[in-house]
Amino acid sequence: MILSDADILERLEAGDLVVEPLDDPELQIQPASVDLRLGREFLEFQRTNIPCIHPNSEREVDEYVTETVVDEDDDFILHPGDFVLGTTHERVEIPADLIAHVEGRSSLGRLAVVVHATAGLCDPGYRGQITLELSNLGSAPVALTPGMRISQLTFTELKTAAERPYGSERGSKYQDQSGPQASRIESDDEFGGDQLERED
Ligand SMILES: Nc1ccn([C@H]2C[C@H](O)[C@@H](COP(=O)(O)OP(=O)(O)OP(=O)(O)O)O2)c(=O)n1
């Protein structure tokens, strides 16, 4: 069951679902979602000198990203074909019996701005700001202003609460993240290993 505006308000008031700061609830709480605003920090991939990213190489991913913090009242220009990581201004706490989905806003979609290129799921138990995978599929640069409503979060009730919510056991490498976080896929091994053993 997807939470409606009344359900969302009830859970926010109960305090187990957290979206903060929620400065303008009347504007931000939509019929069945909460609009989240764009933060000021961005991570951009270098355009040159990247032979190839090896996801499993220790910290290699970090070497190829540079951080930009947009000044107050300034914009971040997202050029056609760009892929950058941004962040929501709000931090969230998702209780063990809900799962949240990061969705785009139609008004930005109509400008060809995508807010999550691939992954849009916030696990039960997740706490932190949400890293946005921003891309511009159009042919004109688009100015993104920190503080603008950039994405919306929907909440779905689980049939039963997660027994091992995000943060409680292995994995959970993005728990309590603040600002945009580059991929930490290289620590997958440490957290259980994704590589299949070779059969000789
Ligand atoms: N666009 C998104 C999507 C998710 N998350 C946060 C909330 C999720 O609960 C957490 C982990 O997401 P995934 O489970 O999709 O990521 P991984 O499987 O790579 O990480 P882990 O191994 O920690 O589960 O990251 C985020 O900040 N931005």
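A Cβ is built for glycine as well, from the same backbone N, Cα and C atoms used for every other residue.
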Record-annotated dCTP site (TrEMBL): member among Tyr64, Tyr166 besides Arg105, Ser106, Ser107, Leu108, Gly109, Arg110, Asp123, Thr131, Leu132, Glu133, Gln152, Lys173, Gln177: Tyr166
Positions whose Cβ lies under 8 angstroms from the compositional bias 'Basic and acidic residues' (161-173), at least six residues beyond its ends: 94-97, 123-127, 184, 187, 191-192
Secondary-structure category, per DSSP, in which Leu132 (dCTP binding site) falls: strand
Cβ neighbour count within 10 Å of Gly109 (dCTP binding site): 13
